[in-house]
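What follows is a set of notes on a single structure, which appears directly below.
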Amino acid sequence: MAQTLFKLFFTQRLAALASTESLRAIREGLLWILPCLLVSAGFLLLSECARVLNFPSPLVAFLAGLHAKISSVIPLLVAASIGYMLAIQHRLPQLPVAFLCLAHVVIATFVLRDYPRASATFVLFIAIASPLINVPAIARLHRYRWTRLVNEDLVGHNLKGTINMVVPGAITALLLVVTLSLLLQVPHVVQFQGPDMLDALQSPYGSGVFVTAINSLLWFFGIHGVYAIQPLFDALDQAVVLNGAALAAGEPIQYVLNAGLLGCFAFIGGSGGSLCLLLAILLFSKSQSMRLLAVASLPLSLFNVSEVLLFGLPIILNPRLFIPFLAVPVINTLLALIVVQAGWVSPAVASVPFTAPVLLNAYLSTQGDLAAVALQLVLLGLGTLIYAPYVRAIHRQAVEGGTVYLKSFDTTFRGLEEKGRLLEMDPVLTSHKALVRQALELSRIQQISDYEFYLEFQPQVSSLTGLCTGCEALMRARDGEGKVHSPWEFLQWLAQARLMPDVDLWVASQAVRQYQKWQKTGFALPITINVSSATLTTPAYGRQLVQILSQANGHVSVEITEDALVGDIQVTRQMIEKLQAIGAKVYIDDFGTGFSALSYLHQFPVDFIKIDRSFVVAQQDPKGAQVLTGMLRFCEALNLGVVVEGVETAEQLAFLQSGRGHSGAELIIQGWYFSKALPGDAVQGFVRERAVKVNDEAGA
Ligand code: C2E
Ligand code: CA
Ligand code: CA
């Protein structure tokens, strides 16, 4: 009961919360900062290495300075990118609004210029919060006619949209100045001070929990935890020095809670014990993107720099990771305090910089106590286990039931939507007709974006053995009312929106996942997927496709249509060879319905031909039967495997099995006679059923 409640409340609520539009805008916006962060962190690492290796100090300072400079623009970039995402949501011109949001941060830092500490503490928070407030405010102001400087279309959509941001932009900037100035009138804000006494450290458990919890809580809102409670951290640093002095004087050590203990045991890898999170991702997450991020941030995390995870996952304003992000440092602090007070591990007596690498920091700050290193390892493991279920849950929510919403190609879709709107605003492209067509396309895509996509698998049966030999993955889409739509219908819109490569890559990953799912239950069946020529002939997409399919060890193959063969022969040929290199087979789909395939066929090393249903239908008629047998003979001559599609009746099957016109070699039959496409879970049943039938017939 309690568990169900927990699940209901946290998992579901948090997932719902996490998918709200504005939080999504923040997450995606933060992601755009990642390259900058990595560059900045790279300089930090270099400067740390230079320092450790005793390079000349100007060089160390130079590298550290580069890190600091880039870091200082991060809040500006954060504001701009969140502003950009929100502008899309509110249908405002993106770049002008993004630049306004950036200007808001500059304004805020200027207003707070006499309060550098408050400014340093809150600048990222302001960068996140101000677009969240200001973009909707701009959108609202924009609705009032009086804020629009231009109403006529005389100047073109683009210019008009930009100019009309001036008044709302000025008003929101002014409001920001007024709000901050008023806040500065409040004495407490001016003398913004965290708790400050060394005495507080006398009650280590309470203070330890306070410091670690408040640090996580602040980071959750993008407030720099260490800056916010700087006085307390100063006291914690001082405690280490006092411990060192006490040790030297032969007196008892007073401060169990200190910067050394927190740095080594609570903030392993940075705020929230990020190294634990990172290990949890590497050990327990199946999400490619999360794992990639974890690998990228590993070297930084070893130096206790957690920014990449904070921004990339992100942790900031991500309700799904908040609980462990809070719990891990708190629990680790309490355990470390108990162990140190029990005397099993020495207290910290030497000051060590925050960026001293994990394990080494524990060793150095205790002046060589290996038990401290052991404790750090244990707490690292414990923290990893605490993070594990949350990391798994994120992935599970993403793939639940193998179905995915087009919403998950979000960025792509947004990109398109954005492009559509940009073109719509382009003064050159004012032809009314084009606009109407684009608006229509856009609304179709919007409609499709609410569909839920999934795959079904149509079995294929050998004409010789009667056993199921493979299946074709076919896409299905369910709309909000539960109605299932045919691929003919939605694929044309996706193709027009140039989204086919994204669709194909999604299908590929779903098929691989299905194959792996079967494999776990001891079942295996080759799958083919349909790949459009746009995917095949664009090297970047082709590479991704090969990368995805390589995870299925050649058990997921590819169907391409003839039109892929008439494009760039060189590129297509190379792609086919790459696919075959990972063990995948290449099928020519709808063979005989396109153009010029015959003349090109010998140039491509394909494995199978799929004969289109129209030839099977035509077989009723003597001429049609001749065409079909001719085709079978042709494939045989080229030594190609043959799949015959759309076999619906026993007569059609009998014709194919009779071996009339061909040598009686194996044909693979795919059609409703045997089965329509089945859900992934039903395929195993079909395969078993076929095997039983064949067995019975053999026995009879
Ligand atoms: P296709 O690749 O030729 O797929 C075979 C189509 O014939 C499927 O239609 C299948 O349900 C249908 N079919 C199979 N057996 C019979 C039969 O005995 N009689 C009849 N009348 N039809 C049969 P579906 O699923 O509607 O797919 C239509 C087309 O949409 C596919 O034709 C393919 O071109 C495209 N498509 C489907 N899924 C995907 C996908 O995941 N990616 C891409 N790029 N295209 C897809
Ligand atoms: Ca096909
Ligand atoms: Ca086909």
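Placement of Cβ uses the backbone N, Cα and C atoms for every residue, glycine included.
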Stated TrEMBL location of transmembrane segment, expressed as one of 204-223, 344-363: 204-223
Stretch with greatest number of CB pairs under 8 Å, the transmembrane segment (322-340) reference, 95-112, 118-141, 204-223, 370-388 candidates: 204-223
For the transmembrane segment (95-112), sequence-distant contacts whose Cβ falls under 8 Å of one of its Cβ atoms, 6 or more beyond its ends: 75-77, 79-84, 86-87, 118-119, 122-123, 126-127, 130-131, 134-135, 138, 161-162, 165, 169, 172-173, 176-177, 180-181, 184
Tertiary contacts of the transmembrane segment (292-316), as residues 6+ beyond its ends and Cβ separation under 8 Å: 26-27, 30-31, 33-34, 37-38, 41, 44-45, 48, 128, 219-222, 263, 267-272, 274-275, 277-278, 281-282, 285, 322, 325, 354-358, 361
